[in-house]
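Undergrad: What TrEMBL shows for this protein is this:
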| type | residues | note |
| --- | --- | --- |
| DOMAIN | 46-278 | domain 'Orn/DAP/Arg decarboxylase 2 N-terminal' |
| MOD_RES | LYS66 | N6-(pyridoxal phosphate)lysine |
| DOMAIN | 282-369 | domain 'Orn/DAP/Arg decarboxylase 2 C-terminal' |
| ACT_SITE | CYS341 | active site, proton donor |
Amino acid sequence: MAHTLDVLSDLAARRRGAVNRLPSVDGVVSALKPGDPLVCLRPRLIEATARSFTSIFPGRVFYAVKCNPDTAVLRALSAGGVSHFDVASLTEIETVHRLLPDARMAYMHPVKPRASIREAYAKYGVRDFSLDSVDELAKIITETGHAADLGLFVRLKLPKGNAVYDLSGKFGAAPEQAVTLLRAARDAGKRVGLCFHVGSQCLDPSAYERALDLAGEVIRAAGVQPDVLDVGGGFPVSYPDATPPALWEFMSAIARGFRRLNLPKCELWCEPGRALVAAGASLVVQVQLRRGNELFINDGVYGSLSDAGVPAFQFPVRLVRPGGEQASQEMQDYIFFGPTCDSADRMAGPFPLPADMREGDWIEIGQMGAYTNALATPFNGFYPNTFVELEDEPPSVGGAD
Ligand SMILES: *Cc1c(COP(=O)(O)O)cnc(C)c1O
């Protein structure tokens with residue numbers, strides 16, 4: 001009982017921003033019997049992942065804050081050597097600045113509110129901005145008062161690739177337009193960059209090489225030497241239905257493509273999100289009802305499990321049944337329903353779990369650090385906002401690559 005109270009006071013401490021360390025997911029579930037979804041963060045794993053990523057990427061690493069803006073996550077990344085952040089809104093800028101006042105930020109959203117450009121530049125010292133149109137270029141120039149110290153990044157549109165999340169539909173200038181923009185940026189900016197995004201959870205290292213080849217064509221046609229080439233995010237992690245090539249294969253493809261461009265004075269940047277944080281959290285949910293092979297759980301697509309909905313990511317799952325009671329050795333495939341009244345709150349999985357799953361069981365869902373709590377809404381009165389931090393240990397489900 002005393003232990004339960006300790007854990008609860010630790011939880012309260014966590015909300016005050018103090019760091020607590022709990023031993024294991026099973027221990028937390030035994031002690032807390034959580035009736036609300038519980039995000040279990042592993043800051044030391046995030047720190048180690050950040051350290052290894054930054055040591056093998058041949059350039060500067062900007063963390064894409066949208067992927068998980070939790071302060072414990074940002075702090076862990078910073079401890080792991082990430083000091084640059086890719087931000088897309090004033091709120092993200094404020095969050096990073098409050099926690100890490102010395103961090104360098106790049107505002108890489110190609111369509112920004114004028115007031116946000118102004119404040120980012122004047123109040124938060126942001127100098128690097130992306131754009132994919134002449135109108136946006138004009139906005140940046142006007143709102144920074146024709147500043148002489150801008151870094152202007154032309155976002156290049158890529159042909160649709162085979163990343164799990166295609167990002168080619170919304171942003172990016174077609175090559176001919178990128179040529180025009182690169183020349184205009186050269187006239188207006190102190191630094192000129194070219195950036196792109198191959199799509200999230202990209203499973204093909206050569207996608208970066210092809211994108212760099214396309215960047216090379218634009219650079220030659222424009223006759224403009226960029227100061228920075230930014231290969232964006234998209235670096236993949238493992239899920240039960242996807243084992244991507246090792247991270248070093250992506251790094252060699254990028255290094256190869258970059259070398260071919262023969263730009264000795266150009267810096268190389270990247271903007272990973274998922275690859276830095278996916279393994280750094282798991283989610284504990286509770287079964288509210290079983291109906292055949294359907295489990296009604298207390299988190300769903302309007303909460304931390306957006307990617308388990310329409311994108312149908314298969315996350316690793318594990319039964320947590322405290323008290324030492326044996327579960328059935330026989331496994332079966334389940335689908336999940338989330339807690340809201342929307343029938344779209346459905347996760348097809350399949351999620352393999354013991355055949356005797358029942359109301360009250362807890363399930364630990366792994367690889368829950370990326371695009372999870374960041375996407376949660378309070379729809380229908382359900383909002384997963386309880387976090388604990390776990391000691392450094394191998395994750396009990398899923399894992400780092
Ligand atoms: C979302 C995003 C990223 C991060 O993508 P991941 O696939 O999570 O690595 C990086 N850059 C930009 C511009 C983005 O929109």
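From the backbone N, Cα and C atoms, a Cβ is placed for every residue, glycine too.
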Undergrad: What does DSSP call the residue listed as 'N6-(pyridoxal phosphate)lysine' in the simple three-state scheme?
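TA: Where the residue listed as 'N6-(pyridoxal phosphate)lysine' sits, the three-state DSSP reduction gives helix.
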Undergrad: List every residue in the same chain as CYS341 (active site, proton donor), at least 6 positions away in sequence, whose Cβ is under 8 Å from its Cβ.
TA: ASN380
Undergrad: Which of the three DSSP states, helix, strand or coil, fits CYS341 (active site, proton donor)?
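TA: Where CYS341 (active site, proton donor) sits, the three-state DSSP reduction gives coil.
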Undergrad: Would you report the average pLDDT that the model assigns to the domain 'Orn/DAP/Arg decarboxylase 2 N-terminal' (46-278)?
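TA: It averages 96.
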Undergrad: Including all protein chains displayed, how many Cβ atoms other than that of LYS66 (N6-(pyridoxal phosphate)lysine) lie within 10 Å of its Cβ?
TA: 18
Undergrad: Could you tell me how many residues in the domain 'Orn/DAP/Arg decarboxylase 2 C-terminal' (282-369) are helical, how many are strand and how many are coil under DSSP?
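TA: Secondary-structure breakdown of the domain 'Orn/DAP/Arg decarboxylase 2 C-terminal' (282-369): 3 helix, 38 strand, 47 coil.
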